[in-house]
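**Q** Relevant sequence annotations retrieved from Swiss-Prot are reproduced here:
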| type | residues | note |
| --- | --- | --- |
| DISULFID | CYS23-CYS32 | disulfide bond |
| DISULFID | CYS30-CYS47 | disulfide bond |
| DISULFID | CYS183-CYS213 | disulfide bond |
| DISULFID | CYS237-CYS266 | disulfide bond |
| CARBOHYD | ASN33 | N-linked glycosylation site |
| CARBOHYD | ASN147 | N-linked glycosylation site |
| CARBOHYD | ASN180 | N-linked glycosylation site |
| CARBOHYD | ASN276 | N-linked glycosylation site |
| CARBOHYD | ASN317 | N-linked glycosylation site |
| LIPID | ASN336 | GPI-anchor amidated asparagine |
| REGION | 284-366 | region 'Required for response to bacterial lipopolysaccharide (LPS)' |
| REPEAT | 50-78 | repeat 'LRR 1' |
| REPEAT | 79-114 | repeat 'LRR 2' |
| REPEAT | 115-140 | repeat 'LRR 3' |
| REPEAT | 141-168 | repeat 'LRR 4' |
| REPEAT | 169-192 | repeat 'LRR 5' |
| REPEAT | 193-220 | repeat 'LRR 6' |
| REPEAT | 221-247 | repeat 'LRR 7' |
| REPEAT | 248-272 | repeat 'LRR 8' |
| REPEAT | 273-293 | repeat 'LRR 9' |
| REPEAT | 294-315 | repeat 'LRR 10' |
| REPEAT | 316-340 | repeat 'LRR 11' |
| SIGNAL | 1-15 | signal peptide |
Amino acid sequence: MERVLGLLLLLLVHASPAPPEPCELDEESCSCNFSDPKPDWSSAFNCLGAADVELYGGGRSLEYLLKRVDTEADLGQFTDIIKSLSLKRLTVRAARIPSRILFGALRVLGISGLQELTLENLEVTGTAPPPLLEATGPDLNILNLRNVSWATRDAWLAELQQWLKPGLKVLSIAQAHSLNFSCEQVRVFPALSTLDLSDNPELGERGLISALCPLKFPTLQVLALRNAGMETPSGVCSALAAARVQLQGLDLSHNSLRDAAGAPSCDWPSQLNSLNLSFTGLKQVPKGLPAKLSVLDLSYNRLDRNPSPDELPQVGNLSLKGNPFLDSESHSEKFNSGVVTAGAPSSQAVALSGTLALLLGDRLFV
């Protein structure tokens, strides 16, 4: 029993900046900071009633817990206790975690009602447990990974996927050490609607082709590639065609984009209706954009004149805010062709899923 409770301790925790006590608790959330040289791990039990739990490990290694925790213990007698937890969102930051501890924790969380998991600034070490025929981990809606390194390198996504139930809807991977996935090992993500690969400046268009394993994302609707080393809209289009994904929304903001003169034509996803090209340094409207869009964001670029209608796709909501040719940041104009220019389109203007609003919110249109 002590070993199982020790494993539960690993599940329920993270941090705010160095509070006097390891854990702070309010009605819904609990935050623990274990950066002290001799942390009081037992204080994490204060988080048992919280829905939103955060753990900050202070960069320490949890290798020693392998001798104290049975990651394969029978959880039968604790099932009702785990199910009764209010835990919905869990964040774990700044630690060195053996894969046996991580996947053992996911097995326990599989009994809970956890919906969102965030792992940040982690190093996952060692050999993982044998693969399972059926996932026993949590039924997550959202998984956020930022600066997480894995001992299994390119096989890490396939390995992690074995421990998650197949209902994942939103996956965010930032500052990844490898996005060159072993696609033959990756299973299909049958419910994934939003994939965010932002803040991976080394990814580039070639890397995007490797990351978007063909036929593994059949329900993908929204792809975010902010600050991801993209160079041309046409190059991204080619990567999407190779992956055979049918997007509705694409965010290419905060990349240094250029117009690829003479680039071969590309067939954009037929359902694409929202394209964000803000903060990309564009001096003119790039050629080869989709012929028709509901929303096109060209704000905060280097356009020195108002684009003429024949330079633009057929678009319902066009944002040009923050470009040099404007006298002010707020500008709207109706073209004879029916193009409407708006200073700052709201997220409600995008006819995408609620998942997009959940993950990207106002970041899709800056």
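Glycine residues also receive a Cβ, built from the backbone N, Cα and C atoms like all the rest.
Any idea what these are sitting next to in the structure?
**A** The number of other CB atoms found within 10 A of the CB of CYS23 (disulfide bond), across every protein chain shown, is 26.
For CYS30 (disulfide bond), the number of other Cβ atoms no farther than 10 Å from its own Cβ, over all displayed protein chains, is 24.
Around the Cβ of CYS213 (disulfide bond), 20 further Cβ atoms fall within 10 Å across all displayed protein chains. Mapped onto three states, the DSSP output places CYS213 (disulfide bond) in coil.
Proximity of CYS237 (disulfide bond) to non-local residues of its own chain (separation of 6 or more, Cβ distance below 8 Å) is seen for CYS266, ASP267, TRP268, GLY288, given in sequence order.
ASN33 (N-linked glycosylation site) carries a strand DSSP state (E or B).
If you draw a 10 Å sphere around the CB of ASN147 (N-linked glycosylation site), it holds 16 other CB atoms from the protein chains shown. According to DSSP, ASN147 (N-linked glycosylation site) is assigned to a strand segment.
In sequence order, ASP154, GLY207, SER210, ALA211 make up the list of same-chain residues 6 or more apart from ASN180 (N-linked glycosylation site) whose Cβ falls under 8 Å from its Cβ. DSSP assigns ASN180 (N-linked glycosylation site) to coil, not to a helix or a strand.
In the shown protein chains, 27 other C-beta atoms lie within 10 A of the C-beta of ASN276 (N-linked glycosylation site). ASN276 (N-linked glycosylation site) falls within a strand when secondary structure is assigned with DSSP.
On the 0 to 100 pLDDT scale, the region 'Required for response to bacterial lipopolysaccharide (LPS)' (284-366) averages 68 in this prediction.
Proximity of distant same-chain residues to the repeat 'LRR 2' (79-114), defined by a Cβ-Cβ separation under 8 Å and at least 6 residues beyond the stretch ends, is recorded for 7-8, 10-15, 35, 48-63, 65-66, 69, 71-72, 120-129, 135-140, 150-152, 159, 163-165.
Residues 59, 63, 71-72, 88-100, 102-104, 106-107, 109, 146-152, 156, 159, 161-168 of the same chain sit 6 or more residues outside the repeat 'LRR 3' (115-140) yet have a Cβ under 8 Å from a Cβ within it.
Within its own chain, the repeat 'LRR 4' (141-168) has Cβ neighbours under 8 Å at 99, 103, 106-107, 110, 115-128, 131-132, 135, 174-178, 180-182, 185-192, 199, 358-359, counting only residues six or more beyond its boundaries.
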**Q** Do me a favour and check the Cα-Cα span between CYS213 (disulfide bond) and ASN317 (N-linked glycosylation site); whole Å is fine.
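**A** CYS213 (disulfide bond) and ASN317 (N-linked glycosylation site) have their Cα atoms 32 Å apart.
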**Q** Considering only the recorded positions ASN147, CYS183, ASN276, which fall within 10 Å of CYS32 (disulfide bond) when distances are taken between Cα atoms?
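**A** Checking Cα-Cα distances against CYS32 (disulfide bond), none of the recorded positions falls within 10 Å.
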**Q** Quick one: pull the CA-CA distance for CYS30 (disulfide bond) versus ASN147 (N-linked glycosylation site), whole Å only.
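**A** Cα-Cα distance, CYS30 (disulfide bond) to ASN147 (N-linked glycosylation site): 23 Å.
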**Q** Pull out the recorded positions from the set CYS23, ASN33, ASN147, CYS183, ASN276, ASN317 whose C-alpha sits within 10 Å of the C-alpha of CYS47 (disulfide bond).
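**A** Correct set: CYS23.
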**Q** When neighbour density is defined as the number of other C-beta atoms within 10 angstroms of a residue's C-beta, which of the glycosylation sites ASN33, ASN317 has the lowest density?
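**A** With the glycosylation sites ASN33, ASN317, fewest surrounding Cβ atoms within 10 Å: ASN317.
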**Q** Count the Cβ atoms, other than its own, that fall within 10 Å of the Cβ of CYS183 (disulfide bond), considering every protein chain shown.
**A** 17
**Q** With a Cβ cut-off under 8 Å, give me the same-chain residues at least six positions beyond the ends of the repeat 'LRR 6' (193-220) that come close to it.
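**A** The answer is 146, 169-176, 179-181, 183, 186-187, 226-232, 235-236, 238-240, 242-247, 251, 254, 353, 355-356, 358-360.
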